[in-house]
């Protein structure tokens, strides 16, 4: 198949304002006065970030949602994305696969209010590689950061944790007799787009590399220490059923794409009300103190020792 | 090596305003009032878009310059770029390689006035894959397009053509006893950033997929026909020496990264003066007429027949 026909068939219907119908190597985008751009970029590689037999639709959604989660972590509203696809010639990534892939993109474009702006399609010896650079906007100076945590703040997370990490274990055939919703959580995360947390939380990021490692990022950037209480961590029943056997997987595993925040005591009620209004569960799971590093305390308030910290990309 | 140390060593020194020292998954960028953003994205894959033994420095420069050329084609000034790198674990892409790669990025950042804004680093089974999304600005509504050519316009190109296509043949060992400057042209193109052609030219793009194919894009987008005159095409001596034997490679080969423009007759002098002021050679090579498609006429004004149209990405 030719590059230009391929783009026209699958991606042109997804193109929005400024994309020039993908007929140009470039695209244009306006940023409203008083706002600034927020950008993030994530690559997904077959075999590393998804499995070749994952549904094309869910691969597309995960690709967008990982990036959407980065915008959510900065308090930004999505508007466009650039898509780069490197397609192996000799594999099962055929017309049907890309039709389903485009359907996944389209569904999430509608759900999250954004359009395709441009990108690049190329052949590849192996494997399938997907990359999105996502573009959102935020009121100037109001992007959430990782470096504002203060001793005395609480540590908060949205949603529940560990489902995606266990879902991966199910997919790899290592965990049997588990709830099928775990696989779905691994395949199609729920980015917490749409909250307005500027002025409420003191630091925010999304949990992509694992709770402990990502708390470490906030601790390092803010120059503080974080203590987490295992008994406070929000786990679904499906996760709780495996907590003893898979404790490290659950606490260190990535792919949650929930928000991790620190919040001053006097803003806790505001945070809870705001999240409630938006239908987003939020739970206080720890505290910020002076010092450095991350400690997880078990129900007897003894520190848990881990064999690693979290996901290393390479 | 760990991802975070790797980024800190090689890429943090390249980060500019809004990049948050690459400590965040996201970045911010302001766009001045009255301007809009121009974006373009290009992927380069080992073995397809560069050769594993090309110098790391020149691979970095080519990566940026292909993208810079897309901005140049739209009349946009570069300001930032997002960099995505997928690194194979078992090959020669080691500390030294990435040190030289970062030196290439740094040199071009300085030359073209831009900084690293963010991106993504991941492991990869194979091969090395590099992707840049480049960001520039242009006065609102003044981005150059491909669809404004009118019958009666002239067809113009900057610089000289065919050097990179022959340079690739040299690199592949197919062309011997050629000028070494050809290889340099293949490895490090010269994007024509800095011209201000809005209101002068009627359409513009960069020549990346080959002169004939790229003329075809303008013809199709503008709904016109283009006739090129082989005898008018600007070739260096090093290219002219191989014109008989490598005619198709030279006329169809890509990687020139020169500007291809159409210009109304009453703007020709302005175009020539503007390019002269900026030290950019410019040559009239053809005409725009009613109709469709691209024809190349030889010195006897007979149409040249080609076996293919140009570079297909897959």
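From the backbone N, Cα and C atoms, a Cβ is placed for every residue, glycine too.
As given in TrEMBL:
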DOMAIN    A:24-138  domain 'PurM-like N-terminal'
BINDING   A:25, A:70, A:206  Mg(2+) 3 binding site
BINDING   A:25, A:40, A:70  Mg(2+) 4 binding site
BINDING   A:41, A:42, A:120  Mg(2+) 1 binding site
BINDING   A:42, A:70  Mg(2+) 2 binding site
BINDING   A:49, A:255, A:311  substrate binding site
BINDING   A:119, A:120, A:146, A:208  ATP binding site
DOMAIN    A:150-297  domain 'PurM-like C-terminal'
BINDING   A:209  Mg(2+) 5 binding site
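Overlay of TrEMBL annotations on the structure.
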residue : record                 : DSSP class
A:25    : Mg(2+) 3 binding site  : coil
A:42    : Mg(2+) 1 binding site  : strand
A:49    : substrate binding site : coil
A:70    : Mg(2+) 3 binding site  : helix
A:119   : ATP binding site       : strand
A:146   : ATP binding site       : coil
A:206   : Mg(2+) 3 binding site  : strand
A:255   : substrate binding site : coil
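Listed in sequence order, the binding-site residues near residue A:40 (Mg(2+) 4 binding site) (C-alpha within 10 Å of its C-alpha) are A:70, out of A:49, A:70, A:119, A:209. It is 13 Å from the Cα atom of residue A:42 (Mg(2+) 1 binding site) to that of residue A:255 (substrate binding site). Within the same chain, residues at least 6 positions away in sequence whose Cβ sits under 8 Å from that of residue A:120 (Mg(2+) 1 binding site) are A:84, A:85.
Confidence over the domain 'PurM-like N-terminal' (A:24-138), given as mean pLDDT on the 0 to 100 scale, stands at 93. Taking 8 Å as the upper bound (exclusive) on CB-CB distance to chain B, the binding-site residues A:40, A:70, A:209, A:255 give A:40, A:70 in sequence order. Using a 10 Å Cα-Cα cut-off around residue A:146 (ATP binding site), the binding-site residues A:25, A:49, A:70, A:209, A:255 reduce to an empty set. Once the Cα atoms of A:119, A:120, A:146, A:208, the listed binders of ATP, are compared pairwise, the greatest separation found is 32 Å.
Residue A:208 (ATP binding site) and residue A:255 (substrate binding site) are 5 Å apart (CA-CA, integer value). The Cβ neighbour count for residue A:255 (substrate binding site), using a 10 Å radius and every protein chain shown, is 23. Proximity note: of the listed binding-site residues (A:49, A:119, A:209), none has a CA within 10 Å of the CA of residue A:70 (Mg(2+) 3 binding site). You'll find the Cα of residue A:119 (ATP binding site) roughly 25 Å from the Cα of residue A:206 (Mg(2+) 3 binding site). Here the Cβ of residue A:70 (Mg(2+) 3 binding site) has 30 other Cβ atoms within 10 Å, regardless of which shown protein chain they belong to. Of the listed binding-site residues A:40, A:41, the Cβ environment within 10 Å is emptiest of other Cβ atoms at A:41. For the pair residue A:208 (ATP binding site) and residue A:49 (substrate binding site), the Cα-Cα distance reads 12 Å. A straight line from the CA of residue A:206 (Mg(2+) 3 binding site) to the CA of residue A:49 (substrate binding site) spans 17 Å. Closest by Cα distance to residue A:25 (Mg(2+) 3 binding site), from the binding-site residues A:41, A:49, A:209, is A:41.
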